[in-house]
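Colleague: What TrEMBL records for this protein is below:
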type	residues	note
DOMAIN	4-165	domain 'UBC core'
ACT_SITE	C91	active site, glycyl thioester intermediate
COMPBIAS	176-187	compositional bias 'Polar residues'
REGION	176-238	region 'Disordered'
COMPBIAS	203-230	compositional bias 'Acidic residues'
Amino acid sequence: MSSSAASVLFRQFRELTDPKKGIPSFHIELENNNIFLWNVGVMVLNEDSIYHGGYFKAQMKFPAEFPFQPPSFRFTPPIYHPNVYKDGKLCVSILHAAGDPTSEEPDAETWSPVQTVETVLISIISLLEDPNINSPANVDAAVDWRKNRKAYNAHVKAEVERSKQDIPPDFIMPTANTAYSGTNPPHEQNDTIDENFWYDSDQSYEEDSLMEDFEEDDEEAEDEEDEDISENINSENK
């Protein structure tokens, strides 16, 4: 299993679960401390949205080749949406690998290594509110969205009510006010994750070597900083 993928995911997980840096619309935890499998709670904070008040469970799975290959995203249970297959899998360009000859999507809209988990999550919130009905994964939902919005909204509102039973115990649902006032409810963060996260049983990775990667990155950053300081001193002395 790729140590670089684990390193990238570890850093992004820490940022997204940091109360000061994370996105209030998402509650993220690891599945059995597996850094390659994230459980995500999706929440829409816009009070005018038909999705407002819901807590939509999903799972994000990352390949060993991440970030060179995209993750997958699946709502569990599935939600009624034009771009969500009936098995819950999300269909969105940013999660499609570039260069697929069977796809008409321009490469600029598909996955690239510069994308992050954060950009994917932001795209998902945007897609919930503004579905791509030209390429639907759920034709029935797309037809309702276009021709029978009242029925579509009623279906979604029923799912919002059902989803509230999936809100984790002791979790405080964020609001637009708390999200943008700097008073976000605290997310529980596993402070021991850097010592105790695991992978699938058939794919193991030495934890010590992963921590060595982090230390090497820190040393490289310090070396670069020292070089910059030296260059500045030399230029001032000239």
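Every residue, even glycine, has its Cβ placed from backbone N, Cα and C.
Here the structure is a predicted model, which means the values were calculated and not measured.
Describe the structural context of each listed feature in the structure shown, including burial, neighbouring residues and relevant distances.
Modeller: The average pLDDT computed for the domain 'UBC core' (4-165) is 93.
According to its DSSP assignment, C91 (active site, glycyl thioester intermediate) is coil. When Cβ atoms from all protein chains are considered, those within 10 Å of C91 (active site, glycyl thioester intermediate) total 18, not counting its own.
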